[in-house]
Amino acid sequence: MGNEEAVYFSRGLTELTLSFHIIFATIGVGIPLMIMIAQWVGIKKQDEHYILLARRWTRGFVITVAVGVVTGTAIGLQLSLLWPNFMQLAGNVIALPLFMEVFAFFFEAIFLGIYLYTWDRFENQKKHMLLLIPVAAGASFSAVFITIVNSFMNSPRGFDIVNGQLVNINPILAMFNPAMPTKVTHVLATSYMTAAFLLAAIGAYRLVKGSNHVYHKKGLFLTMKMGLLFSIITAILGDFSGKYLAEYQPEKLAAAEWHFETEEGAPLMMYGVLDNGEVKYALTIPFGLSILAHSNPKAEVIGLNEFAEDEIPPLYIHYLFDTMVTIGMLMIGISFVFLLGFWRRWRFVLTKSFLWIVVFGGPLSFLAIEAGWWLAEVGRQPWILRGIMRTSEAATTSGQVDTMLLLFAGLYLILGIGSMVVLTRMFRKNTVEQELADRASDKAGETV
Amino acid sequence: MNLEFIGIFVLWLFLFGYVMVASIDFGAGFFNAYVTLTGKQHILSKIIQRYLSPVWEVTNVFLVFFFVGIVGFFPRTAYYYGTTLLVPVSIAIILLAIRGSYYAFTTYGGLKHKRYTYMYGLTGLFIPASLSIVLTISEGGFVTNETPGPALNYWDLFTSPLTWSIVVLSLTAVLFISAVFLTWYAHEAKDEHATNLLRRYALIWAGPMILTASGIVVELHAHNPEHYARLMDVWWLFILSVALFIGTVYLLWKRQAYGTAFGLLTGQFFLAFFGYGIAHYPYLLYPYLTIYDSFTNEAMAIALIIAFVAGLGLLLPSLYLLLRLFLFNKEYVQGKRNDHT
């Protein structure tokens, strides 16, 4: 196997692992916050339904955490196994947040173990809820630290290269690089948003399937509120991301927007096709790109013509950008209409057809997450460390990457099927109605 | 004391932590599968489940900590070990992944079938075997530095008696450590049947464990004389270690003080592990990589150490809480409480 093949398969394996892991990572970051909110509302209102929401979400969460942990271990090791040259270089500058991530994760793991096994152990329910704070904080901080590493790959800072040697290394400066604020906040907000829409989709699905229980309606209402909140925040942060890109990674923005020539008052192109370098059938928003890039309709936006041919990312990332943005906007719309309808008692938001839209919103949000990460990673090509090291220089020289790709594909298949089977079985066997009745009789038994 | 030394000391300490907690976990899985196979499931399964449930995820973190830490403190290890370990470590990851997730699937997801119990038990043997290969490789002689990069010579590796001795040691050590710990745990739980059975397992595996461990020293004499000579410089550590081993076996034999027995065992492995590590110093990979030529820059090292101390400040109280609530909580250990979500 020549080294080009090793690079090719290393990219394939990394993409596969990340694409699989990010599903569970997103759930892992977002769900604890939702559980916390539900439990808090439940304690405040003394409403058994919200408490049960928290309990049931927790049960599902444990399964996804397990898959998230093991695939996270896989990607952590694959960084060194597949990209040894990159880690050798980057380890000198960006090892600190990777190291801190382990602590955040450790913290989360310990308290998750405690939280799981102490339901009903405390007289005061609030004490039990407090145990969830380190879980949620640990999960979110894991995301923060890992995203910092990714932002460093996009805008490496905190060192100088003199005669091929790394000098003046400053780990803190490397962490607080220009890409860090927009990336970290974007990852967090989208995780919360996606988790909310996932839970909303589950509630909506139960309602579609004939349950008319108020439990599901409460859950749906709560998660749609969270979904709307975080999808609006995501949209605002997305705008900041555009400004960051225009300033620090103009080639990424230009490739994503098919912006070929530097010009003032640049329009934003959505969708469309490329025909010999011409954009056709695109939805054009006049001055849109200038506004996105610089908040000024007249501003100049750098085009791809300013960059060498071998330093621009592939142009298909345009569609990834479109997918991500379209779904994001769609979700704002769906949740807004739903909530407005819920407040104003419009019947149609609880009809089957509208609920189906909410159901599909769950998987769609995950598609947006995937598209966003592919955009982030493919959009950085040909660099693994922008401007410093090319992806092709970073990969392993081992000849067995193709076999490993097959093995890991098999693993993710097993884990994917396994987690789906287990999750459906868990909740189908133990219905909400059944569980509410059981808990009520338990309570009655205690007071007698 | 220099930064390189602090770095490797901390990492070695965490690796020791992983070896202990993971051995308990791997061995517990194996014993659980074994009693299921021989129809004595009713004696052990409950005890083992009760111990594993709240701590399974924590075990994995020790390993992650070690490999993230070693790339952080010694980035050049990523180049040498990253390139050469692709296959063995990938296999270990896959086994760990299946093991970890199916543990959750069966414990929390109600996936009940004997085949998962067997799978869990078997991965508990294959994982230490595949991970222990890393120690073998570090002894040198299996990695060649070619263009375009370092490569692992699989034929030499798998035909070397050293490889197989280390694999066997990893297995016997896993079973011994686990059996001793679980004997103590079962005794705390006042479960006499389980205690007796586990005590028997512990005594059965004590002999093979100490035999294979001594065998390694002989193998090293032939394979890596330099390392062997340095081992002999710290011979007294190994003598002490053997003394603690005899103490453990004596207490088990006499059915006394199982807690102390586990303490002695921890001491035994601590001394042997550090004796081995000190003799390995300064090499990370004979003869290419030492902790000095692979070390990161000073700024990063100091930042990592500060992060480590701060992290420990957060972790130690939390670990203490976890242990107090479950491991050292009489009601929980004796199965009077569950409170699972």
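Each residue, glycine too, has its Cβ placed from N, Cα and C.
Automatic prediction, not curation, is the source of TrEMBL annotations.
What TrEMBL records for A:20-41 (among others) is transmembrane segment. For the transmembrane segment (A:20-41), same-chain residues at least 6 beyond its ends with a Cβ under 8 Å from one of its own Cβ atoms are 47, 50-51, 53-54, 57-58, 60-61, 64-65, 67-68, 71-72, 74-75, 125, 129, 132-133, 135-136, 139-140, 142-143, 187-188, 190-196, 198-199, 219, 222-223, 226, 366, 369-370, 373, 412, 415-416.
With a cut-off of 8 Å between Cβ atoms, the residues of this chain six or more beyond the transmembrane segment (A:61-82) that come close are 10, 13-14, 17-18, 20-21, 24-25, 27-28, 31-32, 35, 105, 109, 112, 116, 395-396, 401, 408, 411-412, 415, 419, 422-423, 426. For A:61-82 (among others), the entry in TrEMBL reads transmembrane segment.
Among the features that TrEMBL reports, transmembrane segment is placed at A:94-117 (among others). Outside the transmembrane segment (A:94-117), and at least 6 residues removed from its termini, the chain residues within Cβ reach (under 8 Å) are 58, 62, 65, 69, 72, 128, 131-132, 134-135, 137-139, 141-142, 144-146, 148-149, 152, 171-172, 174-175.
The transmembrane segment annotation in TrEMBL covers A:129-149 (among others).
Annotation source TrEMBL lists transmembrane segment at A:187-208 (among others).
When Cβ-Cβ distances below 8 Å are used as the criterion, the transmembrane segment (A:220-238) is approached by residues 34, 37-38, 41, 50, 53, 182, 185-186, 189-190, 192-193, 196-197, 199-200, 203-204, 207, 325, 328-329, 331-332, 335-336, 338-339, 342, 358, 361 of the same chain, each at least six residues removed from its ends. Taken from TrEMBL, the feature transmembrane segment covers A:220-238 (among others).
Annotation source TrEMBL lists transmembrane segment at A:316-342 (among others). Long-range contacts of the transmembrane segment (A:316-342) within the same chain: residues 193, 197, 200, 221, 224-225, 227-228, 231-232, 234-235, 238, 252, 255-258, 269-271, 348-349, 354, 357-358, 361, 364-365, 367-368, 371-372, 374-375, 378-379, each at least 6 residues beyond the stretch ends and with a Cβ under 8 Å from a Cβ of the stretch.
Within its own chain, the transmembrane segment (A:354-376) has Cβ neighbours under 8 Å at 15, 18-19, 22-23, 26, 150, 154, 183, 186, 190, 193-194, 197-198, 200-202, 204-205, 207-208, 220, 224, 227, 256, 317, 320-321, 323-324, 327-328, 330-331, 334-335, 338, 341, 348, counting only residues six or more beyond its boundaries. Among the features that TrEMBL reports, transmembrane segment is placed at A:354-376 (among others).
Taken from TrEMBL, the feature transmembrane segment applies to A:404-423 (among others).
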